[in-house]
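What TrEMBL says about this one:
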type     : residues                                                               : note
DOMAIN   : 48-380                                                                 : domain 'FAD/NAD(P)-binding'
DISULFID : CYS94-CYS99                                                            : disulfide bond
BINDING  : LYS103, GLY168, ASP364                                                 : FAD binding site
BINDING  : GLY232, ALA233, GLY234, TYR235, ILE236, GLY237, LEU238, GLU239, GLY323 : NAD(+) binding site
DOMAIN   : 400-510                                                                : domain 'Pyridine nucleotide-disulphide oxidoreductase dimerisation'
ACT_SITE : HIS502                                                                 : active site, proton acceptor
Amino acid sequence: MASVLCFKNVIFGGVRKIKNTSFLLFKQASIQSRTCPFSCGGGANTEYDLVVVGGGSGGLAAAKEATALGAKVAVLDYVTPTPIGTKWGLGGTCVNVGCIPKKLMHQAALLGEAIHDAKTYGWELEPDNIHHSWESLKDAVQGHIKSVNWVTRVELRDKKVEYINGQGKFLDPYTITTQTKQGERRLTAKYFLIAVGGRPRYPDIPGALEYGITSDDIFSLSKPPGKTVIVGAGYIGLECAGFLRGLGYEATVLVRSIPLRGFDQQMANLIVAEMEDKGVKFEHRCIPKSVQKTDDGRLHVVWQNDKKEEFSDIFDTVLFAIGRRALTKELDIEKAGVEVAPDNEKIDAPNEQTNVPHIFAVGDVLYKKPELTPVAIHAGRLLARRLFGGSTTPMDYENVATTVFTPLEYGVVGLSEEKAIERYGEDNIEVYHAYYKPTEFFIPQKSIVHCYLKVVALREGDQKVLGMHFIGPQAGEVIQGFAAAMKCNLTVTALMSTVGIHPTIAEEFTRINITKRSGKDPNPASCCS
Ligand code: FAD
Ligand code: NDP
């Protein structure tokens, strides 16, 4: 009775107030019986304990965990082809058109640099005669992705998660419908999980959809991208520009406002300066106006700066990296009564529970949560444990570490300097910083001018660390361990009393001793240790 009451409140108002109560009720629901707790329209009994819409990072993690806890689970996954017809298999964005192909192409670009470095280390190569084959790289990357798609399918079968290759749409709050090769299917469940992720946005300018591509297309592009303009200076824009330049293509980035908005701006500007040194061009405060095909099949791009001055150039590829939109509309989400944020169609779901208590959401579809694979996976797993394993552990979205895989990587955990000042006041913040010299850079005489790190901390007592920022090789590997330390309330005192591993780049964090406030030179004192 209480549950029925909850649901009525959701439909007729009082949504926020009722949420936590209903969450507790569901937590206690037994998975022994799949009786619908709402005396639902589809009848008293539901076919599944959990139906997951979206077989990406978050959806698959939740589905596998729920099945391991004894739940009967189905996952629907479907990919709508891009405007130029690119499509892919099971596993979602990260595996097919995100983290994995991006990291592989980043690695390909780093190897190009390494070939040049190798000569200085005694390898007898002729780097000037070494050429890169886009086709070979693309085939290798796509081959790896296909194998992951296959392994994912086998894993689902072994774990007894039912996989349905179909686009899910809500028919009502208790029923999802989908068209499969075998015909229409209707699925009822005790709980639903929306894990549909997002897809790249296109700007509303002439020629964008006809001639532009996005990150959904770049990793499987059949011909070399050639001279490329990248629109957008977020994660994806900078990462793509970085590996394209590293593979030998001309790359120009159109920056609408500032690079890497939301990140520490001192670090973001160092990343841009490093990329400029590597040959990436940046057009600041510019937005695209049009894309037209030229007679010889190339692309004429016009853009405008904030003074309304127009510029143009000819490119082979136009890559839009202007953010992503959540795929909630395609889900007929309004038929389920799930509310979406008016500004970007994402779902605001505290504790991953939507305003409709038996419908949950994880991953990129969530409002104002980090769009990162480990976040989606962790939240999905924890949710499954709460629904089916008696757990009460919520997802902690604070201090999630991340890395921007630009040619010189930028790894970060915690607050930017700006955010720390905004939150605690400048007088209460201490910032330690240092430029450093990676040992590996000496022999090839690689530029060290942007190898920089900083630690943002509270000023009082042992100086609790609020944020750690690192620009350099393997930044993700460096920051990951410090993220765990920050979870354990790392202080500057503890950091300074940690004995480093020499010679590494991560040890630079244990050597910090110069504060910004002191005005002392943060450049390294000696040449080679
Ligand atoms: P997704 O992985 O997007 O999965 C959603 C799935 O649901 C998709 O397969 C989609 O086709 C399917 N779907 C959608 N609607 C329906 C429907 N109605 N019915 C059935 N199926 C549906 N994160 C990192 O942590 N590190 C990185 O280095 C990194 N690099 C990235 C690089 C790029 C180029 C991009 C685009 C993203 C990157 N990300 C990275 C972000 C990461 O990929 C996402 O955060 C993650 O994939 C989100 O997982 P998800 O489960 O929310 O959604
Ligand atoms: P972001 O939101 O990070 O960046 C979008 C960029 O496009 C911004 O520079 C924005 O400028 C610009 N932009 C937006 N609209 C327009 C427009 N109409 N015209 C011109 N420029 C525009 O989105 P991304 O697509 O780069 O990445 C999406 C998410 O994917 C990230 O938030 C991240 O979580 C995830 N990701 C993670 C990676 C990793 O972990 N390494 C790698 C890649 C992606 P402005 O600042 O002015 O709004």
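Glycine is no exception: its Cβ is also placed from the backbone N, Cα and C atoms.
Counted over every protein chain shown, other Cβ atoms within 10 Å are most numerous around GLY232 among the binding-site residues GLY232, GLY323. Close contacts with ligand 1, defined as a Cβ under 6 Å from any of its atoms, occur at CYS99, GLY168 among the recorded positions CYS99, GLY168, GLY232, GLY323. Each of ILE230, CYS240, LEU260, ALA321 belongs to the same chain as GLY232, ALA233, GLY234, TYR235, ILE236, GLY237, LEU238, GLU239, GLY323, is absent from that list, and has a C-beta within 8 angstroms of the C-beta centroid marking the NAD(+) site. The recorded positions examined here are LYS103, HIS502; by Cβ neighbour count within 10 Å, the least packed of them is HIS502. Using Cα positions, the member of the recorded positions LYS103, GLY168, HIS502 nearest to GLY323 (NAD(+) binding site) is identified as LYS103.
With respect to ligand 2, the binding-site residues LYS103, GLY232, ASP364 contribute GLY232 as residues with a C-beta closer than 6 angstroms to one of its atoms, given in sequence order.
Within 10 Å of the C-beta atom of GLY234 (NAD(+) binding site) sit 19 other C-beta atoms, taking all shown protein chains into account. Ranked by Cβ neighbours within 10 A across all protein chains shown, the recorded positions CYS94, CYS99, ILE236, LEU238 are led by LEU238. Separation of the C-alpha atoms of ASP364 (FAD binding site) and CYS99 (disulfide bond): 14 Å, rounded to the nearest whole number. It is 19 Å from the Cα atom of LYS103 (FAD binding site) to that of GLY232 (NAD(+) binding site).
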